[in-house]
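Asks: Not my notes, these are from TrEMBL:
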DOMAIN    B:72-182  domain '3-dehydroquinate synthase N-terminal'
BINDING   B:THR133, B:THR134, B:LYS146, B:LYS155  NAD(+) binding site
DOMAIN    B:185-327  domain '3-dehydroquinate synthase C-terminal'
BINDING   B:GLU188, B:HIS251, B:HIS267  Zn(2+) binding site
Protein chains: 2
Amino acid sequence: MRRIRVSLRKEVDASYDIVVEAGLMDRLAKELSGLVSGGRCAVVCDFTTRELFVPALLDRAEDAGLSCDVLDVPPGEASKSLAVFEGLLGRLRDLRYTRKDFVLALGGGMVGDLAGFTAGCYMRGLPVVQAPTTLLSQVDSSVGGKVAVNLPGAKNYVGLFHQPKKVLIDVRTLQSLPRRELLSGLAEVIKHAVIADAGFFEFLEQGREALLTLDEEAVVRTVATCCAIKAGIVERDEREAGPRMVLNYGHTIGHAIEDAAGYALTHGECVAYGMRAEARIANALGLFPESDLARQERLLDGYGLALDPLDMDPERLIDLAHGDKKNAGGRITFILPTAIGQTTRRDDVPLDLVREVLEATLARA
Amino acid sequence: MRRIRVSLRKEVDASYDIVVEAGLMDRLAKELSGLVSGGRCAVVCDFTTRELFVPALLDRAEDAGLSCDVLDVPPGEASKSLAVFEGLLGRLRDLRYTRKDFVLALGGGMVGDLAGFTAGCYMRGLPVVQAPTTLLSQVDSSVGGKVAVNLPGAKNYVGLFHQPKKVLIDVRTLQSLPRRELLSGLAEVIKHAVIADAGFFEFLEQGREALLTLDEEAVVRTVATCCAIKAGIVERDEREAGPRMVLNYGHTIGHAIEDAAGYALTHGECVAYGMRAEARIANALGLFPESDLARQERLLDGYGLALDPLDMDPERLIDLAHGDKKNAGGRITFILPTAIGQTTRRDDVPLDLVREVLEATLARA
């Protein structure tokens, strides 16, 4: 018997910058041209972001010495599929892309996930630059390197950790965002504040008008703060070994509601309901003070989030929250707030309490 | 403008062991059970390796406390496709596999590549153990973490670097290998000797009988030496930044011949022709002594490799060798031997010389 050791212990540096700026799109071509010398850029976008942002990019590409190819896909979650992934790979191949080239993900979360996964697999990995254009993707999915497509009935089941070379965020793209999408993003913004930053929570309390009218200074601060919070968490736990789970606040219940609603609600709306329920659970367990609970309730009210009663069966939501974990002992893991800006992880929440809180939350009692 | 740095500089350790042993399959279940506590094992195999090796594994799995699911695919390169990849992902999903479970690749290079890529993408990455059962995969593809499937007409265009947790090699699996497949693997064995180890080259000169009759001591030494050579190269260059290119000796011409033959020849047969041609180029350039060239010719003769004339057009092979690189200035990069055990990299080989050597090599002059 012979034993050979392959020693692959080494220092790697996948660090990158996130730039948050009002009007960044105007100089996108220039930002990109500096990144990869001589490389071509495959711009993955959907029909919407193609119309809104690609003409300006192409207008300026030549001057910036940037060669672009536009690879567009239909908008919507249905494009986050292996079939569309395969189509993009075929187009990169037809265009003779090599590892000297790179991919730009120009769009919301679907585009970022799809383009990032495609870049990560094509020829065993091209660099990807994320240019998220929705609030949800700017504050959440574009940072951290998680990319994926869906299997039928199994969201994000095929993917990678493929860190971007850079994240380029122009908050002006939010001006074209439907209000409902904006609010969906604000739910994740509020989540970042509750889990990690009491000062930021206060800013959200006071800055409601500024944010809802897309005041640029307020939006830049908001997006940058969320990115910094998420960056800090990702730095401690790039591959979801543990600490990154704090980002799941509101998501245990939120995902169950999202499933039960058949995706008729936006992700942020569901997370808002989830935060309401999970904060109440934390409060009932004596973990989260009444006054903090009231502040979160008021903040969600103020942004018009999770206001309507939902006609859903708590029992079904509990089943969905269990998901595959049912086999592992029947416990549901929750991230629960202990104060504005702090959380704890619990997997011993009595199901009777979950049921009771869900009934009250769904009825908006 | 706000700029946030995501600091992802860290020490990672993807080191692993390769075990080479005659009869290792008999205790495969036990080797696996120690690897992942409580996890289930998805055995990816083809119909052939299923029949040959899976019954013994399953017989011993229960005693070893190992829970196995068998995921088999049709044998042959056609299974290295996105369609088969999608099928495997669906089966893992139906079986409710999670990141606590792992994948065993039990078969030749196709199985290793397909299973490794599937494992690398499912839920953003399950561990994979490689148990290669052909000589080619034992000495080459199972070590180094390169996994992939093909796009139509574009071999290995979709893949990852996904290092295995362990490589388990039982040289007795070679007893069921068709002789042509054995010889194909021996071509890569000879390549390892030429690029890196003069002493091993001598062993191959003297050990021909032992190797061709699958003497276990000789085969274990041969496979282990090749793995050690490849491990050393991969350690210096995990992601093909440069040094790993030395493994391409014989492959510049070899791949062109493989393309031109429409895969009617085995990979090793093509590499053997490639080594003959590239060694002659090196000799003609004054890089590779006549005596070393003669030793390589005799060794290939002795193993019955690349003996027949090939009816191919040198001009077409040159075109194929250029491939996509044609746009990058028309140069072909060669790894050329400078002595038995040493190489250099050259991209200034005159095309007239390549043509002349090809003509002679194809005609077996």
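Glycine residues also receive a Cβ, built from the backbone N, Cα and C atoms like all the rest.
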Asks: If you measure Cβ to Cβ, which of the binding-site residues B:THR133, B:LYS146, B:LYS155, B:GLU188, B:HIS251, B:HIS267 are under 8 Å from chain A?
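Replies: The binding-site residues close to chain A are B:LYS146.
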Asks: So how many other Cβ atoms are close to B:GLU188 (Zn(2+) binding site), meaning within 10 Å of its Cβ?
Replies: 24
Asks: I'd like the per-state residue tally for the domain '3-dehydroquinate synthase N-terminal' (B:72-182) from DSSP, helix first, then strand, then coil.
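Replies: For the domain '3-dehydroquinate synthase N-terminal' (B:72-182), the helix, strand and coil counts are 46 helix, 34 strand, 31 coil.
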Asks: Near B:HIS267 (Zn(2+) binding site), how many other Cβ atoms are within 10 Å of its Cβ?
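Replies: Result for B:HIS267 (Zn(2+) binding site): 22 neighbouring Cβ atoms inside 10 Å.
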Asks: Which residues, in sequence order, are found in the same chain with Cβ within 8 Å of the centroid defined by the Cβ atoms of B:GLU188, B:HIS251, B:HIS267 at the Zn(2+) site, excluding those residues themselves?
Replies: B:LEU136, B:ASP140, B:ALA187, B:LYS191, B:GLY250, B:GLY254, B:GLY268, B:CYS270, B:VAL271, B:GLY274
Asks: Within 10 Å of the Cβ of B:LYS155 (NAD(+) binding site), how many other Cβ atoms can be counted across all chains shown?
Replies: 14
Asks: Pairwise over B:THR133, B:THR134, B:LYS146, B:LYS155, annotated as binding NAD(+), what's the top Cα to Cα distance to the nearest Å?
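Replies: This binding site's residues have a maximal Cα-Cα distance of 21 Å.
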Asks: Taking just the CA atoms, what is the gap between B:THR133 (NAD(+) binding site) and B:HIS267 (Zn(2+) binding site) in Å?
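Replies: Computed Cα spacing between B:THR133 (NAD(+) binding site) and B:HIS267 (Zn(2+) binding site) is 16 Å.
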Asks: Reported as an integer number of Å, what is the Cα distance between B:LYS146 (NAD(+) binding site) and B:HIS251 (Zn(2+) binding site)?
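Replies: B:HIS251 (Zn(2+) binding site) has its Cα 16 Å from the Cα of B:LYS146 (NAD(+) binding site).
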Asks: Give the residue counts of the domain '3-dehydroquinate synthase C-terminal' (B:185-327) per reduced DSSP state, in the order helix, strand, coil.
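Replies: Tallying H, G and I as helix, E and B as strand, the rest coil: 108 helix, 0 strand, 35 coil.
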Asks: Judged by the number of other CB atoms within 10 angstroms, which among B:THR133, B:THR134 is the least packed of the binding-site residues?
Replies: B:THR134
Asks: Could you measure between B:GLU188 (Zn(2+) binding site) and B:LYS155 (NAD(+) binding site) for me? Cα positions, answer in whole angstrom.
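Replies: That comes out at 19 Å between the alpha carbons.
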Asks: Rounded to the nearest angstrom, how far is the Cα of B:HIS251 (Zn(2+) binding site) from the Cα of B:LYS155 (NAD(+) binding site)?
Replies: 14
Asks: Determine, to the nearest whole angstrom, how far the Cα atom of B:HIS267 (Zn(2+) binding site) is from the Cα atom of B:THR134 (NAD(+) binding site).
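Replies: About 13 Å separate the Cα atoms of these two residues.
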